[in-house]
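Engineer: This structure is in structure tokens; I'll ask about it shortly.
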């Protein structure tokens, strides 16, 4: 007598959930790394001309570093929501977690690129014209807001997991 198990497709759901957690962290950290590196080059270049402005010009590096934290938050939220032994985990849940991770991760990547480019040019320009500092900070805030939008959407999408069926 052979027992044949039926394949519903939901067996692969945790793969998509974990992929979402990894995507959130990896893409956000890529954005953070790029933003830190690009801004850091600008700070180092500017520091040769005006070393007294180095600490004031470190703002873009700090803002880029925060992007990695956004990805970490979503990755932890997603990974704690994946426990197929305790509660059924369907493909809907896996796709919700995947989209959550991609939303946060790709928003963090694009924000990191913007912060890096603005930070590099901004700190160099600030060394030559100190009145540009407030404008640079405002541009950096708007670039950081892009990642914050991704974090918010990621949290909303992640909260949708578990709502596909009544258990």
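Placement of Cβ uses the backbone N, Cα and C atoms for every residue, glycine included.
So TrEMBL lists these for the protein:
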- 19-78: domain 'V-ATPase proteolipid subunit C-like' (DOMAIN)
- 99-157: domain 'V-ATPase proteolipid subunit C-like' (DOMAIN)
- 15-37: transmembrane segment (TRANSMEM)
- 58-78: transmembrane segment (TRANSMEM)
- 98-120: transmembrane segment (TRANSMEM)
- 132-157: transmembrane segment (TRANSMEM)
Engineer: Going along the chain, which residues at least six beyond the ends of the transmembrane segment (98-120) come within the CB cut-off of under 8 Å?
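Structural biologist: Same-chain residues near the transmembrane segment (98-120) but 6 or more away: 16-17, 19-39, 41-43, 59-61, 63-64, 67-68, 70-71, 74-75, 77-78, 136, 139-140, 143-147, 149-151, 153-155, 157-158, 161.
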Engineer: So what pLDDT does the domain 'V-ATPase proteolipid subunit C-like' (99-157) average out to?
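Structural biologist: Taking every residue of the domain 'V-ATPase proteolipid subunit C-like' (99-157) together, the mean pLDDT is 95.
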